[in-house]
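J.: Take a look at this one; I'll ask things after.
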Amino acid sequence: MIDPKHITGVVLAGGRGARMGGVDKGLQNHLGMPLALHAMLRLAPQVGEIMINANRNLGAYESMGVPVWPDALADYPGPLAGLLTGLERAETPYLVSVPCDTPNFPEDLVSRLAAALAEADAEIAMAATHEDGALRRQPVFCLVKTELLDSLTRFMQTGERKVGLWAAGHRLVTVPFEAAAFVNVNTLAELQQLQDERP
């Protein structure tokens, strides 16, 4: 069993927001709070430490009260760079990542990933959802042993940027969840739709 205090959480908010017209997605208002703050507050009770990975408006993210770290790599290289930043900064044996644009992810996400990782003696546990009769991995929702830092550093030096491709080279366990909890926001219209559909 993995103790939550041995897990650091990182909220990935370092993207370009290209499909939102270039706005900083993590700072978009959702029900009175920035999206990244929703993710942070949902993740915080599930882990021992928490940080945010962001590349713009660092002061706004710092006002959320947790450490904020930009990518070490330039030019917004994607969520894998945020995961790398988390692995570089974490002081615990495990790191879990969540994106800033999925405010309703499961409140038992980390405990279920941790249980599966321990049971399978895996290095990475990744969430997945049932969609159209198939199990689809959600690669940015993953629990990783921080000892994989060197592996990820080498992988990114090759120019590859896909989380799933890197993870596939390690002992990986996939953990199924209900798809509804993983509805994410890529456009301002989708953000409005998510707000309109709230209970």
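Just so you know, glycine gets a Cβ as well, placed from its N, Cα and C.
Here's the feature list from Swiss-Prot:
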- Leu12, Ala13, Gly14, Lys25, Asn53, Asp71, Asp101: GTP binding site (BINDING)
- Asp101: Mg(2+) binding site (BINDING)
J.: Name the residue among the binding-site residues Asp71, Asp101 whose Cβ has the smallest number of other Cβ atoms within 10 Å.
T.: Asp71
J.: Max CA to CA distance in Å over the GTP-binding set Leu12, Ala13, Gly14, Lys25, Asn53, Asp71, Asp101?
T.: 18
J.: I'd like to know which of these binding-site residues, Leu12, Ala13, is least surrounded, judged by other CB atoms within 10 A.
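T.: Among the binding-site residues Leu12, Ala13, the sparsest Cβ neighbourhood within 10 Å belongs to Leu12.
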J.: Find, for the listed binding-site residues Gly14, Lys25, Asn53, the residue with the lowest Cβ contact count at a 10 Å cut-off, counting only other Cβ atoms.
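T.: Result for the binding-site residues Gly14, Lys25, Asn53: minimum number of other Cβ atoms within 10 Å at Lys25.
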J.: Three states by DSSP: which one describes Asn53 (GTP binding site)?
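T.: Reduced to three states, the DSSP call for Asn53 (GTP binding site) is strand.
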